[in-house]
Amino acid sequence: MRRHAIILAAGKGTRMKSKKYKVLHEVAGKPMVEHVLESVKGSGVDQVVTIVGHGAESVKGHLGERSLYSFQEEQLGTAHAVQMAKSHLEDKEGTTIVVCGDTPLITKETLETLIAHHEDANAQATVLSASIQQPYGYGRIVRNASGRLERIVEEKDATQAEKDINEISSGIFAFNNKTLFEKLTQVKNDNAQGEYYLPDVLSLILNDGGIVEVYRTNDVEEIMGVNDRVMLSQAEKAMQRRTNHYHMLNGVTIIDPDSTYIGPDVTIGSDTVIEPGVRINGRTEIGEDVVIGQYSEINNSTIENGACIQQSVVNDASVGANTKVGPFAQLRPGAQLGADVKVGNFVEIKKADLKDGAKVSHLSYIGDAVIGERTNIGCGTITVNYDGENKFKTIVGKDSFVGCNVNLVAPVTIGDDVLVAAGSTITDDVPNDSLAVARARQTTKEGYRK
């Protein structure tokens, strides 16, 4: 059976009090609507139509060709929004799910189960519901004496008795597609809001003797919509908790989950330890037996087995097996560290390749460079890679020793097994097996201060 989805993403989001389009506010580093799209796609849907309005081009820019789009010029209610997908879906057979673009916590598993329940019951419509302690603001599920759905009533149209009901509509539905578009034309706006409500489609189906099901989820967090910054922070916290829980169940030690942020696209191997205050974002891959020290930040990087990152920042970089970074080091984009490398305190590496066993232990800047195997870079060494207009490369061979407080003025190549004396400013290439000294000779005048 063909399956389709409509994502409702046309609302203004005035309560966000933001210049940014509502569904583009981020949870766990991704726009809310992107989380929804990924869950919808993961549930086995063949075609997605996103209903856009305010900020349409921004939404299209984020989702790209993963969705079709329909424009809702006036926001006249959820049924009106769904009807905007008519040109794409009206003639389609199969099941269509309708999901709100501001529900970033909905999972593909719940959508899969909703669809399965709907199709197994041969229903014309199914609503995803939940029971919550504070149902204010949600449509209520009104059941008849036999426990079947009688109608869904919106908060502003509900009687006090209906407001006391704690089973609510999530705003997520599954429909027989043909039935959906047939009934949408019959929906009226004679309600307190003067809007065309999508739940009225269910009442129309019931009035015709059709089958309408309710599937109740036990995970209330999943259906939480985000309408303001407070709810945005709650969704962020819930996503953080879910992600950390997943990693811990898969063998990762997270010492303080409440202070640890791990993005949804991060992968972490078993027996890795994440200390408090850590942030790991983007498409980061972390191996096994790694230690990520407290207050480290890692973005879009690869950390191989056995590495240790101590209170450092790693951006768009790779760290080899058993390599130690920090404390207080910064790996900038293009930093590539081999195995058993040491990058110590207050060292900055940018667009540089440090081969296996290389050491840069303290207070250095290494940029646009290649450092050979087992080479030691002394404290305070700087690659002078920029002349104000262009960047130049520094190459240091294997098994070399560069003393403290050395300036390597690029472009320059230092060979293998070279010793560069402390305090030197190297401007010329140095061949293999050489000693390079480039500093003024010391002059001492005894008794000068008497």
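Yeah, the Cβs are placed from backbone N, Cα and C, and that goes for glycine too.
Acetyl-CoA is bound by Asn385, Tyr386, Ala422 in Swiss-Prot, and the record lists one more residue there from Arg374, Arg439, which is Arg439. Rounded to a whole number, the distance between the Cα atoms of Asp102 (Mg(2+) binding site) and Gly77 (UDP-N-acetyl-alpha-D-glucosamine binding site) is 15 Å. If you take the C-beta of Asn227 (UDP-N-acetyl-alpha-D-glucosamine binding site) and look for same-chain residues 6 or more apart in sequence within under 8 angstroms, you find Gly13, Arg15, Met16, Asp102.
Residue counts for the region 'Linker' (230-250) under DSSP (helix as H, G, I; strand as E, B; rest coil) come to 20 helix, 0 strand, 1 coil. A mean pLDDT of 97 is what the model gives for the region 'Linker' (230-250). Lys350 (UDP-N-acetyl-alpha-D-glucosamine binding site) and Asn385 (acetyl-CoA binding site) have their C-alpha atoms 11 Å apart, to the nearest angstrom. Cβ neighbours of Asn385 (acetyl-CoA binding site) (same chain, under 8 Å, six or more residues apart in sequence): Gly367, Asp368, Ala369, Lys391, Phe392, Lys393, Thr394, Ala410.
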